Amino acid sequence: MMGKNSELKALWLAFIAYFTYYYNRKSVTLVFPQLIQEGLTQQDAGTIISSQSVAMALVTFGAGILSDRFPAKHMVCFGLLVCAMSTLLFPTGTSVGQYSLYWFINGLGQGFSLPSLLKLTRENSTPTRFATNWSVVLISVNFAGVSNPFITAYLSQTYYWRTSVYISGVLTLLVASTCFILLDSPGDSDEHGEKSDTSAKNNKNKHDDGRWLDIIQHPLVLMCIISRFSVAVTRQGVGDWSQIYLVNEQHLDVYLSSTFISLVEIGGIFGKLIAGRISDILLRRAIAAGGPGAESDGQLKLEARLPVSIAMLSFSALALHLYCFHIKHNTSLPVLAVTALLLGINASGNVVNLSVIATEISPKRAGLCASLVNLSAKG
């Protein structure tokens, strides 16, 4: 049985690592104004950003499969190391081609972030705390998204953009070293809550034989893929197009439309925590009702967590209906706020729950299942 202190240490490191991944990912994007002043065009900036995005899309699926074979500690540290090296090289570039190459390499490292940290969290969580712990790790992205613009703006304005990017690279390298030193070595314990439970090892699940065809054809995998795709469409559509839609089509003023988008993000933070907590509470109750051996019953875990996703998909549909048909130029602020919070809570909350469900469908191929589900969000 893993110690509480060991679990807490691993989760804090996962939180810090994910924060650093995201901080590093945006470290160049936020200094583009200064790069443009030096002669970089907006088209060049788009090329650099796209090179990172393409690399992330290419490697994320493969990294998920690799996470079934390699220790999470090594994958977390390797990804951070690649990000650190490419970031330290970026300021030495002298052409768009070099900048794009360095940031493409950065995207390769970034692709290891989600699969490795999901596995690290799963390995250091009991089944009834997995969703809660993963939701806490995921909100590190929200904290990074809020703090990064201010930190980067200060550093780039005070010390110039190259120093700001160098600092991001050094910070990422330090976090990689810290994770390598402080994370427990692989083999100290097995996966989440199944450390020494022989009944879990002897649990015969027809989908745990690891065959790709069985996993891809699993109804729950297909359901998670479709649900994750719909969640991604909702989040990206609202996040990327609300400013244009609300101002140009519904004639809201810029202040109200910005408030709406901010409330969606705030709702996302609470949604992640709410989804993780409720999912684990339902699982805990199901295990208590199931009696001895229930904790190792994979089917029971799925049945306990599914109602959370179904409810959140339903509330997302309601929120989208309000967004499309009831948000007008004369809509009151309370209605705008409720719609935004509903969208944020349920869309972001479902990201947590669907990731957890995907890893529990086939524990031996958790990385593959999670990669299939997360890949659907890349479209």
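Cβ coordinates come from backbone N, Cα and C, glycine included.
Listed features, source TrEMBL:
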- 10-379: domain 'Major facilitator superfamily (MFS) profile' (DOMAIN)
- 7-25: transmembrane segment (TRANSMEM)
- 45-66: transmembrane segment (TRANSMEM)
- 75-93: transmembrane segment (TRANSMEM)
- 130-151: transmembrane segment (TRANSMEM)
- 163-183: transmembrane segment (TRANSMEM)
- 254-275: transmembrane segment (TRANSMEM)
- 306-323: transmembrane segment (TRANSMEM)
- 335-358: transmembrane segment (TRANSMEM)
Between the transmembrane segment (163-183) and the transmembrane segment (306-323), are there three or more C-beta pairs closer than 8 Å, counting only pairs 6 or more apart along the chain?
no
Stretch in 7-25, 75-93, 254-275 most in contact with the transmembrane segment (335-358), if contact is a CB pair under 8 A:
254-275
Count the CB pairs under 8 A between the transmembrane segment (306-323) and each of 7-25, 45-66, 75-93, 130-151, 254-275, then give me the winner.
254-275
I'm a bit unsure how to read this: which one of 7-25, 45-66, 75-93, 254-275 has the highest number of Cβ pairs shorter than 8 Å with the transmembrane segment (130-151)?
7-25
What same-chain residues lie close to the transmembrane segment (254-275): Cβ under 8 Å, and 6 or more beyond its ends?
131-132, 135-136, 138-139, 142, 145, 238-239, 242-243, 246-247, 308, 312, 333, 336-337, 339-353
